[in-house]
Amino acid sequence: MIRSVIRGVGSALPKKSLSNDEIAKFVETSDSWIVQRTGIRQRYIANENETTVSLGVEAARVALINANLTIKDIDCIILATSTPNHTFPASAVEIQHALGMSHGFAFDIQAVCSGFIFALTTGDAYLRSGVAKRILVIGSETFSRILDWKDRTTCVLFGDGAGAVVLEAQEIQSDVALECGILSAKLYSNGAYVNKLYVDGGPSTTQTTGYLRMEGREVFKYAVCMITDAVDDCFAAAGINSSQLDWFVPHQANKRIIEASAKKLGISMDKVIITVDQHGNTSAASVPLALTTAICDGRIKKGDLVMLEAMGGGFTWGAILIRW
């Protein structure tokens, strides 16, 4: 049977970082206030020449190098983003062209901060059904373009960046949890919560881009329950106990949400990958950025059991369990 295996990872960040102290120069806030409430110390902000596409291309190239593959080996590109270069066409086809790929197919997925989880699950289904053999799954965002930089409740939270993985179909001998690859995935959404986290504009309504708006306390309240339920469902689907987990790679939204989720799941914080302090919330790029960081610094090793999760506007949420 076929199982989807991550063959290589990569990431990209804009050249400029923006510290809390720098933000405090133009909105009423402070480094201590931001760190205490979010855990964020800095984030990266794209310049006028850096875009969702350019960051996605950079991350994809690194992932291909780490996978020891070229773009000719890829059948499909799936890009998770809420900040495309254009309303249409999909930014994925722009990445496809920039990478020199004229075969196969490419498309975008929009599930906000859960986007990478949705994209990776879609790629997994394509591989297992034989639609493709190798897929580039990318999360790339330039949320700085949709922030109201006068709103201290949101502008301190988000940053720009990209992460990518090469997903490959591999034949395994039996469907056992010790075999590497994606073991289970669970996706959910509920549109009843649209007004809790959204952008107040769009081509079909205001005909403007709009700004990100959020009810922070409400998002926190729902996030912990939704995240932990999805993770528990993933463990159950794979027939694995949470005590067997080696690493928890959560969406890097807010350190408080991460800590509360880990506590509710009974996961020790020394098993939790945290990059929100350096990157802020990079939406769909958050999980692959954190994953790449933990692989490149040697924490995640072959054979490790790794749980990915995310929750975003909509609400959308989900989790993926992987044997590395």
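Each Cβ is built from the backbone N, Cα and C atoms, and glycine gets one as well.
When the ranges 242-246, 252-256, 312-316 are checked against Swiss-Prot, the one recorded as region 'ACP-binding' is 252-256. Counting in whole angstrom, His251 (active site) lies 7 from Cys113 (active site) by their C-alpha atoms. Under a cutoff of 8 A between CB atoms, and with a sequence separation of 6+ in the same chain, the neighbours of Asn281 (active site) are Ile40, Cys113, Phe143, Leu157, Phe158, Gly159, His251, Gln252, Ala253, Asn254. Looking at Cys113, His251, the active-site residues in this record, the fewest other C-beta atoms within 10 angstroms of the C-beta turn up around His251.
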